[in-house]
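These notes concern the structure reproduced below.
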Amino acid sequence: MQTLKSQRAMPTATPSDQKTTAFLTIENVSKVYPTAKGPYTVLENVNLTVNEGEFICVIGHSGCGKSTLLNMVSGFASPTDGSVQVGGKIITEPGPDRMVVFQNYALLPWLTALENVYIAVDAVHSQKTEAEKRAIAKDHLAMVGLTDSMDKKPGQISGGMKQRVSIARALAIRPEVLILDEPFGALDAITKEELQEELLQIWNDHRCTVLMITHDIDEALFLADRLVMMTNGPHANIGEIMTIPFSRPRDRDRIMEDPTYYQLRNYALDFLYNRFAHDDVA
């Protein structure tokens with residue numbers, strides 16, 4: 001596996017700004033599904049080490065096993081071979097130390113925004129009083145700018161607001177790993193950029209480890225510390241890992257004026273559309 005470290009026009013964050021402890025470890029992971037035509041290997045011998053507090057984006061064409069990889073980190077699926085560990089413990093099932101935000105929001109439509117967050121807090125922190133749990137839910141809705149909408153149900157708010165509720169719900173239980181499965185893929189460009197900015201601010205405050213799937217190279221370059229680029233499936237693997245050098249806190253306008261941004265962007269585009277072109281992608 002090769003690592004791209006391009007010329008750095010902007011300084012990286014200083015060591016005091018970042019945690020450097022290996023925290024999430026994906027070791028020799030393969031995933032094979034039985035089919036009528038025989039075993040189908042989605043992922044083969046995947047290795048990745050993520051530092052505590054690091055923000056990782058994963059990109060690749062449909063069928064490269066991105067969601068399968070996240071499902072194994074989430075505990076929704078198990079590797080056929082290899083192991084996935086968080087904090088030195090092998091993942092065997094879902095747990096409150098790992099929370100997932102999906103593209104489709106996954107909110108309960110008969111509950112208000114506050115109740116959707118409260119129910120997660122109640123499940124994990126049942127020992128707390130009702131007042132304490134409601135305060136946690138309200139604080140996290142306020143964090144994503146939904147104080148005035150917490151009594152509305154999902155059908156009464158926009159897609160961007162629904163995703164804010166999903167993010168608030170995930171973070172309200174203080175997970176060690178936040179797993180994002182294309183959380184902004186269904187949103188319009190303006191709302192998408194707004195939520196990207198909010199996500200970075202929240203991540204900066206919480207400093208949990210983030211593993212995020214995206215199909216958007218620009219999104220990855222703005223958000224991530226490193227970009228994991230997957231080869232095509234079957235037998236998909238990590239093709240390269242790109243280190244993203246822009247300092248934090250990040251300024252979108254400043255980044256997009258930097259020549260390094262376009263070098264990294266063009267390299268990722270070449271990886272996806274030339275070296276690992278996919279017929280299903282326009």
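Cβ coordinates are placed from backbone N, Cα and C, and glycine is handled just like the others.
Predicted, not measured: the structure shown is a model, and the values here were computed from it.
Neighbours of Gly63 (ATP binding site), defined as other CB atoms within 10 A of its CB across all chains, total 16. In the three-state DSSP scheme, Gly63 (ATP binding site) is classed as coil. The feature ATP binding site is assigned by Swiss-Prot to Gly60, His61, Ser62, Gly63, Cys64, Gly65, Lys66, Ser67.
Under the heading domain 'ABC transporter', Swiss-Prot lists 24-257.
The binding-site residues examined here are Ser62, Ser67; by Cβ neighbour count within 10 Å, the least packed of them is Ser62. The local packing around Lys66 (ATP binding site), expressed as other Cβ atoms within 10 Å of its Cβ over all shown chains, amounts to 24. The Cβ of Cys64 (ATP binding site) has 25 neighbouring Cβ atoms from other residues within 10 Å, across all protein chains displayed.
Looking just at the domain 'ABC transporter' (24-257), the mean pLDDT is 93.
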